[in-house]
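What TrEMBL annotates here:
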| type | residues | note |
| --- | --- | --- |
| BINDING | K40, K81, H172, K207, N310, G314 | 1D-myo-inositol 1,3,4-trisphosphate binding site |
| BINDING | R116, K161, 196-207, S222 | ATP binding site |
| DOMAIN | 123-337 | domain 'ATP-grasp' |
| BINDING | D294, D308 | Mg(2+) 1 binding site |
| BINDING | D308, N310 | Mg(2+) 2 binding site |
Amino acid sequence: MIIAPFLAAYISSFQNDEEMPEVVGESNLFSVGYALPERKIEAFMVPSFINYARERGIDFIPIDVSKPLTDQGPFDCIIHKLYGDEWDLNLKDFSDNNPNATIIDHPSAIQRLHNRISMLEPVSQLNIPQLNIPNQILVRDSESLKNVETTKDLSFPVIAKSLIADGSPNAHTMSLVLNHEGLTKGLELEPPLILQQFVNHGGIIFKTYVADDYVECVKRSSLPDISEETLEKMASESNGVMSFSKISGAVMACDDGWSNNNSDEKLKMPAPEFLEEVAKGLRQALGLHLFNLDMIKDDKGDGFLVVDINYFPGYEKLPSYETVMTDFFLNIKKSQEEKKMTTN
């Protein structure tokens, strides 16, 4: 045989220099079913990720949402970002019949993030120093909107957000309300809505991605700081409300010397140990594996304010996300194996 010497030399080279690469057999693959919106599939489930994960023992399988999950698979784990009673019942039936499978994440835990009041409640309950949420109030109906009164805890400008944060178009509509007139004239949103205190924060938002023990924070541009003088000019030249998309231009137009005094370079990242403490606390409080939180740094204090929490965010925007997410699923597999050992 001519091939034998070359094969022997190939094996010997690994024995002498390094271990042979592990080849995962079909029977040892960890099956992950995925049910995601089309846009999420296009962004997250790219061929390079699918192939890399398979090489390391993770097999991604698309789910047909029109069929019962119990008729598909088998699945060791399911990831999803779909909503609705029918889908929830499908997941529950699968979980009841496959108690050892991992659902990422359970609908009841995700549902909490669809309400901007319940979303942020756990943050205050963590009692972590230098961590809080902006002051905010819930406006239930149009009559209440007319009667909103400013207090020492909530004053103009405020940010108007939909109470519901379920990914629908209205959920992403946000406006800066400059005065009381803005609440009654030109506000795109209708109650129920949230009025959240606007805080100058250097025009930077800290987006912190969490995938169980993995925590990664990145800086992103946000609303610019607004001085009192600029605020007065903006209010006089508008009907008291302005959509987020128009704010940066309006600030620069009203202030010829506009600049973010707390520029990107001056705003330091939160300390790693602080981020890990916050991520761990929220993982436990929310009961979620995958989420990110948006934080800003109050320019009048040393603390950070959490303004939003999102389920299953765009991990594909992070460098080396294929490695990060493959490690995440391998850890899920490891947890399942350890659980089996303790129950046997």
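Quick reminder: no glycine exception, Cβ is built from N, Cα and C everywhere.
Keep in mind it's a predicted model, so treat the numbers as computed, not measured.
Overlay of TrEMBL annotations on the structure.
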residue	record	Cβ within 10 Å
K40	1D-myo-inositol 1,3,4-trisphosphate binding site	18
K81	1D-myo-inositol 1,3,4-trisphosphate binding site	18
H172	1D-myo-inositol 1,3,4-trisphosphate binding site	11
Q196	ATP binding site	22
G202	ATP binding site	19
I204	ATP binding site	21
F206	ATP binding site	21
K207	1D-myo-inositol 1,3,4-trisphosphate binding site	20
D308	Mg(2+) 1 binding site	19
G314	1D-myo-inositol 1,3,4-trisphosphate binding site	14
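N310 (1D-myo-inositol 1,3,4-trisphosphate binding site) is 17 Å away from S222 (ATP binding site) when you measure Cα to Cα. F198 (ATP binding site) is surrounded by 18 other CB atoms, counting those within 10 A of its CB over all protein chains shown. Take K40, K81, H172, K207, N310, G314, the residues named in the record as contacts for 1D-myo-inositol 1,3,4-trisphosphate: the widest Cα to Cα gap among them comes to 20 Å. N200 (ATP binding site) has D294 as its nearest neighbour among the binding-site residues H172, D294, N310, going by CA to CA distance.
If you check the binding-site residues R116, Q196, F198 against K207 (1D-myo-inositol 1,3,4-trisphosphate binding site), none has a Cα inside 10 Å of its Cα. If you compare Cα positions, G202 (ATP binding site) sits closest to D294 out of the binding-site residues K40, H172, D294, D308, G314. Of H172, D308, N310, G314, all annotated as binding-site residues, the residue with the shortest Cα distance to Q196 (ATP binding site) is D308. Rounded to a whole number, the distance between the Cα atoms of F198 (ATP binding site) and K81 (1D-myo-inositol 1,3,4-trisphosphate binding site) is 30 Å. For H172 (1D-myo-inositol 1,3,4-trisphosphate binding site), the nearest of the binding-site residues R116, F198, I204, F206, D294 in terms of C-alpha separation is R116. Nearest by CA distance to R116 (ATP binding site), out of the binding-site residues D294, D308, N310, G314, is D308. In this structure the C-alpha atoms belonging to D294 (Mg(2+) 1 binding site) and G314 (1D-myo-inositol 1,3,4-trisphosphate binding site) are separated by 13 Å.
Nearest by CA distance to D308 (Mg(2+) 1 binding site), out of the binding-site residues I204, F206, G314, is F206. Between the C-alpha atoms of I204 (ATP binding site) and N310 (1D-myo-inositol 1,3,4-trisphosphate binding site), the distance comes to 18 Å.
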